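Engineer: Please see the structure below; I have some questions.
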Amino acid sequence: MKAFFALVLLAIAAPALAGRTLDRCSLAREMADLGVPRDQLDKWTCIAQHESDYRTWVVGPANSDGSNDYGIFQINDLYWCQADGRFSYNECGLSCNALLTDDITNSVRCAQKVLSQQGWSAWAVWHYCSGWLPSIDECF
C-alpha cells in the first residue's frame with residue numbers, strides 16, 4: 001500500500017519535475033510580461049526554438065570543454081550558472097537547476113545578462129535568427 005501511494009505521489013510530482021514546453025507565442029508573452037523589450041522577442045523566440053525547441057528542462061550534451069548548456073536558452077555552466085560539483089564563473093549567480101524550472105524568470109534574466117555582455121552571437125544558433133524573422137505581433 002505504501003508503494004502504491006509513493007507511485008501516486010511520483011505521478012503527481014513528475015510533471016512539475018519535468019519542466020514544460022512552451023510555444024512561440026506563450027514564450028513571447030511571458031518574456032514581455034517580464035519586461036523584455038518587444039523588439040527583441042522575435043530573436044529570443046528564435047533562439048529558444050533552435051536551442052531547446054521551447055523546452056525549459058533541457059540539459060544539452062557535453063560541449064568540447066566538458067561544460068553543459070541548460071534550459072530554454074541553453075545557458076552554459078562554465079560561465080553563467082553553477083552546476084553541482086563543477087567550477088563555474090557563475091556570472092548569473094544561480095544554480096543551473098534554476099534554469100530548468102517551469103518559471104522562466106531566472107532563464108530570462110540570465111539570458112539578458114549573456115546578451116548584455118556577449119551579444120546575440122553568444123548563441124551558436126544565432127545565424128538562424130539574425131536575418132528576417134516572423135513577426136510576433138499575432139501573439140499579442
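Using N, Cα and C of the backbone, Cβ positions are placed for all residues, glycine too.
So Swiss-Prot lists these for the protein:
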{"type": "SIGNAL", "residues": "1-19", "note": "signal peptide"}
{"type": "DOMAIN", "residues": "20-140", "note": "domain 'C-type lysozyme'"}
{"type": "DISULFID", "residues": "C25-C139", "note": "disulfide bond"}
{"type": "DISULFID", "residues": "C46-C129", "note": "disulfide bond"}
{"type": "ACT_SITE", "residues": "E51", "note": "active site"}
{"type": "ACT_SITE", "residues": "D69", "note": "active site"}
{"type": "DISULFID", "residues": "C81-C96", "note": "disulfide bond"}
{"type": "DISULFID", "residues": "C92-C110", "note": "disulfide bond"}
Engineer: Fewest other C-beta atoms within 10 angstroms of its own C-beta: which of the disulfide-bonded residues C81, C92, C110, C129 fits that?
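Structural biologist: Each of the disulfide-bonded residues C81, C92, C110, C129 was scored; lowest Cβ tally within 10 Å is C129.
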Engineer: Looking only at the domain 'C-type lysozyme' (20-140), report the model's average pLDDT.
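Structural biologist: The predicted confidence over the domain 'C-type lysozyme' (20-140), as a mean pLDDT, is 97.
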Engineer: Taking every protein chain shown into account, which of the disulfide-bonded residues C25, C46, C96, C139 has the largest tally of Cβ atoms within 10 Å of its Cβ?
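Structural biologist: Ranked by Cβ atoms within 10 Å, first place goes to C96.
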Engineer: Can you tell me the CA-to-CA distance separating C81 (disulfide bond) and C110 (disulfide bond), as a whole number of Å?
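Structural biologist: Distance between the two Cα atoms comes out at 8 Å.
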Engineer: Under DSSP, is D69 (active site) helix, strand or coil?
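Structural biologist: In three-state terms, D69 (active site) counts as strand.
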Engineer: Spatially, and counting Cα to Cα, which of the recorded positions is closest to D69 (active site)? Options: C46, E51, C92, C139.
Structural biologist: E51
Engineer: Suppose we draw a 10 Å sphere around the Cβ of E51 (active site). How many other Cβ atoms does it contain, all chains included?
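Structural biologist: For E51 (active site), the 10 Å Cβ neighbour count is 23.
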